[in-house]
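TrEMBL lists B:His73, B:Asp84, B:His180 with the feature Zn(2+) 1 binding site. Marked as Zn(2+) 2 binding site by TrEMBL: B:Asp84, B:Glu119, B:His374. According to TrEMBL, the domain 'Peptidase M20 dimerisation' annotation covers B:202-294.
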2 protein chains.
Amino acid sequence: MAIGEIGHVDVVGSKVGGCHRLALTDKDKQARDLFIKWAQDIGCTLRVDAVGNLFLRRKGKSDELKPVMSGSHLDTQPTGGKFDGIYGCLAGLEALRCLNERNIQTLRPIEIAVWTNEEGARFKPAMLGSGVYAGVFKLEDALNTEDESGVSLEAELERLGYSDLADLDDPGCHQYFELHIEQGPVLERLGIDLGIVSGVLGVRWYEVEVTGRSCHAGPSPMDLRSDALVGTSKMITELTDMTMKHGQDSRCTIGELKIPNASTNVSPGKVKFSLDLREGSLDQLNELETKAFETIHRIAYHHQLEIGIKETWSLPPCPFDTKCLSLIQQACELSHPEVEPHSLVSGAGHDAVYISRVAPTAMIFVPSEDGLSHNECEYTSPDQLEKGCDVLLNTLILAANCD
Amino acid sequence: MAIGEIGHVDVVGSKVGGCHRLALTDKDKQARDLFIKWAQDIGCTLRVDAVGNLFLRRKGKSDELKPVMSGSHLDTQPTGGKFDGIYGCLAGLEALRCLNERNIQTLRPIEIAVWTNEEGARFKPAMLGSGVYAGVFKLEDALNTEDESGVSLEAELERLGYSDLADLDDPGCHQYFELHIEQGPVLERLGIDLGIVSGVLGVRWYEVEVTGRSCHAGPSPMDLRSDALVGTSKMITELTDMTMKHGQDSRCTIGELKIPNASTNVSPGKVKFSLDLREGSLDQLNELETKAFETIHRIAYHHQLEIGIKETWSLPPCPFDTKCLSLIQQACELSHPEVEPHSLVSGAGHDAVYISRVAPTAMIFVPSEDGLSHNECEYTSPDQLEKGCDVLLNTLILAANCD
């Protein structure tokens, strides 16, 4: 809540208020400085990399071994909450405090990472800092990225003093764990406070254009029309039904739909809509795509409509590391044997997706009230936050004591 | 085609070009003047009423009897064709020419009316001139109506000299007949060149607002969503199916659909759509409305969505006069016994709808190529136009010889 004061927004209906703290703004710097101060207060050392990612390090007995890493981000959406990202960073810090208080020395060092510009709300794309760390994005491209007012990421890193601190010496990462709020309704509906995240859904985005023949609402009998919206509606209905049968991790979302030159008394000749498909494995995603295309083309044929489909973006499915998942499972049993943790997938992307490309990775979820996130009413209770933190602590101990 | 030159627009793919001739512009005045000249050339007298409607009169043997009237309009849509409205006026003139050439004297006088601002493209609402004539609109309100640049109808009537001519002496109307292109595909599909229009469909417009809960496309499993677009799509599908079963004159059109704050990876929490329902009789329209509302509310309940429905405009069904229809039927048999005229409804409004409130009325249709109208490619072949004209001529003779 102290970090949440930085960028705090009063919101009617929100239990603790929202937060407006875009990446590499003065407010983000204030939050990062407070975080660094707290970490240094308990003896951590700071390393900053070339894209402004922060690493707060607690020594291990064998300090030359690769560190176990936990982390998340401190930046928020424009109308964000106080938990998305921030919780993961602070839980890592709290785990280190516990280790200190109980004089527990781990074999490996532990590092808490604060990734730059996870939200993508100021600089595109999202998960920029972790993407550079994992080699998904070139450092040069990331530095040249500009916000809407034309300010580059590099200029902000210089202005805030991170460029001077940049240390290119990378000790690597043994295993990475990220604790996060779920941002969906699954754990809350089940009444389970702990989730073990088996992976992140792959995503494909498409633009679909449906072309029929527009005609006047009056003189055209129903059976002589080629109404692009009527066809599209059948597609949406059948795509949804098909996806629900496809599997519990399958997702199909039509978020945008436009009728060019729409008029109340004209049956639409053209409709454009967006299609967002998600699945847990590449095979399943391919199968979901095939079925979706079949559905669209079959209905188009039946309604005498023409179809154009263009893929606009994609991200492959990201299954997490089984060893890391097993460590989290053990940590749950150690810290909260009364809770049967629920295994689920993440539908949204996280820094962990990119880190998983360079280190064994897994995630822990706690519930989000009403499934809300990217929303000023985002909330998770202190009791639930504490449970997640307990599991992260035990996970880090288990991981950092393996050689 | 000579009148079509006034406002002619060259259009690729159009057989005779389009026409841009908005009501009471200089071009409209030119077309009206040419029409008046042609009518006066064959001995007609002109009367102009207070809203600029023109009446070209051919004397009857008993000239004190109410005239039989035929007419339509000379104004066009911004991207209109050369037939919608214009055909009806010119066919009336042609009928009078035939009567002259054959020295046929009718018992009653015959008047050809040119109604002001039928299209509603420049001044709102549509069918303004015939509406004032029929007492549907107050003259004062009509005169105060302004176009988009703030020019009033009254100012244009004055500028064009119609105010000075205005004659408030109204000889009434014994029966009114309007010949028009179909503006839909029915006659063309049937391969029948003559249509007897039994009436004009009643229309009701609604705005429907569907409210669910928006959520992130990834973290929200399909079965935990209340997606307003998925619900709306089922509604559109079932409304269409229900309407097709309801009757051959039933129409249901969703022409506009909007998703506020739409985003590719957000399942929509709100959808607004327009609903246009049409039916041939008041009972059927009420029944169609009841079924439509039931469909919407049933699906909303099933998908946990809230519904708001607001009626925004309506026009009652307008069944035409049986005696007038029977005269047209006789005229078809006299002029084209080889054609079995098809009885159909008009889905679009016409001046005849308003005139029917003050005089027995019916309409004759000829086919529209590809069902097109309000379109620069609007076309009806000379042969089809001639057939319609023949029927109008015989209808006028039959009607004008009844006392």
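Every residue gets a Cβ built from N, Cα and C, even glycine.
TrEMBL: automatically predicted annotations, no manual curation.
Ranked by Cα separation from B:His374 (Zn(2+) 2 binding site), the binding-site residues B:His73, B:Asp84, B:His180 are led by B:Asp84. Cβ crowding, taken as the number of other Cβ atoms within 10 Å, peaks at B:Asp84 among the binding-site residues B:Asp84, B:Glu119. Taking the centroid of the Cβ atoms of B:Asp84, B:Glu119, B:His374 as the Zn(2+) 2 site, the other same-chain residues with Cβ within 8 Å of it are B:Thr76, B:Gln77, B:Gly80, B:Gly81, B:Gly85, B:Glu118, B:Ala121, B:Gln183, B:Ser373. Reduced to three states, the DSSP call for B:His374 (Zn(2+) 2 binding site) is coil. In sequence order, B:His374 are the binding-site residues among B:His73, B:Asp84, B:His374 whose C-beta falls under 8 Å from a C-beta of chain A. In this structure the C-alpha atoms belonging to B:His73 (Zn(2+) 1 binding site) and B:Glu119 (Zn(2+) 2 binding site) are separated by 8 Å. As a summary of secondary structure, the domain 'Peptidase M20 dimerisation' (B:202-294) carries 35 helix, 31 strand, 27 coil according to DSSP. A sphere of 10 angstroms centred on the C-beta of B:His180 (Zn(2+) 1 binding site) encloses 27 other C-beta atoms.
A simple Cβ count within 10 Å picks out one of the binding-site residues B:His73, B:His374 as the most packed, and that one is B:His73. Within 8 A of the CB centroid of the Zn(2+) 1 site residues B:His73, B:Asp84, B:His180, the other residues of that chain are B:Ser72, B:Phe83, B:Gly85, B:Ile86, B:Tyr87, B:Gly88, B:Glu118, B:Ile181, B:His350. Of the recorded residues, B:Asp84 (Zn(2+) 1 binding site) and B:Glu119 (Zn(2+) 2 binding site) place their C-alpha atoms 10 Å from one another.
In this structure, the C-alpha atom of B:His180 (Zn(2+) 1 binding site) lies 14 angstrom from that of B:Glu119 (Zn(2+) 2 binding site).
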